[in-house]
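A.B. asks: Handing you this structure, nothing more for now.
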Amino acid sequence: MRESISDLMTVMIPLLIILLLSNYSKSVDLEFYLDTPELIKSWGYSVEIYNTTTKDGFILELHRIPYGREVPTSSDVNNSRPVIFLQHGFLCSSFDWVANSPHQSAGFVFADAGFDVWLGNFRGNTYSRKHVSLNPDKDPKFWDWSWDQISEYDLPAMIGKALEISGQESLYYTGFSLGTLTMFAKLSTDPKFSRKIKKYFALAPIGSIKHAHGVFLFLGRHFGKDYEEYVKKHGSDELFGSSLLFKKIVKYTCGLFDTLEEFCSDITLLFIGTANENWNQTRIPVYLAHTPAGSSSNVMAHLDQMFSYGGVPTFDMGEEKNLKAYGQKLPPQYNFTGIADVPIYLFWSDDDWLSTKQDLEETLFAQLNSQVVQGSFRIENYNHLHFIWGTNAASQVYNVITGIILQDDNT
C-alpha cells in the first residue's frame, strides 16, 4: 500500500507542478520571443538588415529603420534625411533601442521624426557572432579582444556601412554606456574619424568607472583581480551569450508571478541604481529575454582594470604582451583632451551607479574641451538603464536630441 502511495505521489507531484505553471503563469509579451528585426516589423515599421566586415574579420549585423510608421511618400524616399546611428552598451544589442512601445523607444521615436535610423551590434553579441574564418564555438581566438578593438574596428566598419548605404558623408551618433566609451576612445586616437560624425549624443557616458556603486563595486573590490588573473591565464571566452535555456528560466521565474517579476527587477537594480515611476517592471521579462546578449570576457576584464586603475587605460595584457603591443610594460591611458571638431552632448544623472558624477568630473568633464561639449543635460532620478528603457526617456532625452538634429539639419 505504501509503495502504491509513493508511486502515485511520484506521478502526481510533477503533474501538479505542471498544472500550477500552466494555470498561474502570466502571459508573456510577444516581444519576448522576437528578435530585433521581427520586433520592429511587429510594430508596423520597415526594417532592413545589413552585414559589414571589420578589418580584423568580424561580421557585424546592422538593423535599419529607414522610415517612420507612416507609409513614406515618393518625396520622402528621394529626399535625403538625417542619418542617426544608435550604439548599445556592454552585453547589450540593437534590441535596447526598440525595447518599449514606439512612443517610448529611441529607434521608433527617431524614425517617426523623419530620420534614417541605424542600430549597431558590437562583435560577439547575439547578432554579430560571426567571423570570416573563426568559429565562435570552436576557436578561442574569436573571443580574444577587448573594447579597444571594438573602438578601433567595429565603429568605423558599422558607421562606414551606414554612410555607404544612405549616401551621406556624415551622421549623428548616439551611444549608450560602452557605446559612448568606445566612441570617445575612437575620436581621441583617430582625429580624422570626426569628419564622419556631425554631432555626438552620449547617454549615460562612461569615462572612468573607478567610483561605480552597487554590485559592480562589490564584485570589483572582492573578485576583480582574481577574475583578471583567470582571464590572463586561461584566455578570453564568450561571456553571458544569449541562450534558449536562459530565456526559459526567465519566462518561468520573472514571467511567472508578480512577486518573482519584482524580484527579477530588484536583482537588475542592484547593478544600475534605484527605480522610480519611469521604471516599467512589467517589461523585465522582455528585457531579460534579450539581455545579456553576449560579449568577450576580455571586455569585462578591461572594465575591471578601469575600476582598479582609475582613468581610461588600454587593455592590460601583462608586461610581456604589453611590451609587444604598446612598447611599454604598463598599458597607456586614453586622453580625451585632443577631441575636437565634433559637438558633444552629455546626458547623465546623479543617480546612475555606473556612470557616476565623480567619475564624470575626473574624466569627461575634466578632459573634454568646453567648446566641444555643447550641451550637458542632468536628468533627475535616472538609473543607468533609464536612458534606454525609461518610460519617459522620449521626453527627457530623445525629443531633446530630435530638436537639436532638426535645428542643425535645417541650417
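Including glycine, each Cβ sits where the backbone N, Cα and C put it.
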A.B. asks: With Swiss-Prot open, pick whichever of Asn23, Asn335 is annotated N-linked glycosylation site.
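C.D. replies: In Swiss-Prot, Asn335 carries the N-linked glycosylation site label; others show none in the record.
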A.B. asks: I want to check the contact list for Asn280 (N-linked glycosylation site): same chain, sequence separation of six or more, C-beta distance under 8 angstroms. What comes out?
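C.D. replies: Expected: Asn100, Trp389, Thr391.
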A.B. asks: Given the recorded positions Asn51, Asn335, His384, find the one whose Cα is closest in space to the Cα of Asp352 (active site, charge relay system).
C.D. replies: His384
A.B. asks: Over all shown protein chains, what is the count of other CB atoms within 10 A of the CB belonging to His384 (active site, charge relay system)?
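C.D. replies: Excluding its own Cβ, His384 (active site, charge relay system) sees 27 Cβ atoms within 10 Å.
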A.B. asks: Let me know the most crowded of the recorded positions, choosing from Asn51, Ser177, Asn335 and counting other Cβ atoms within 10 Å.
C.D. replies: Ser177
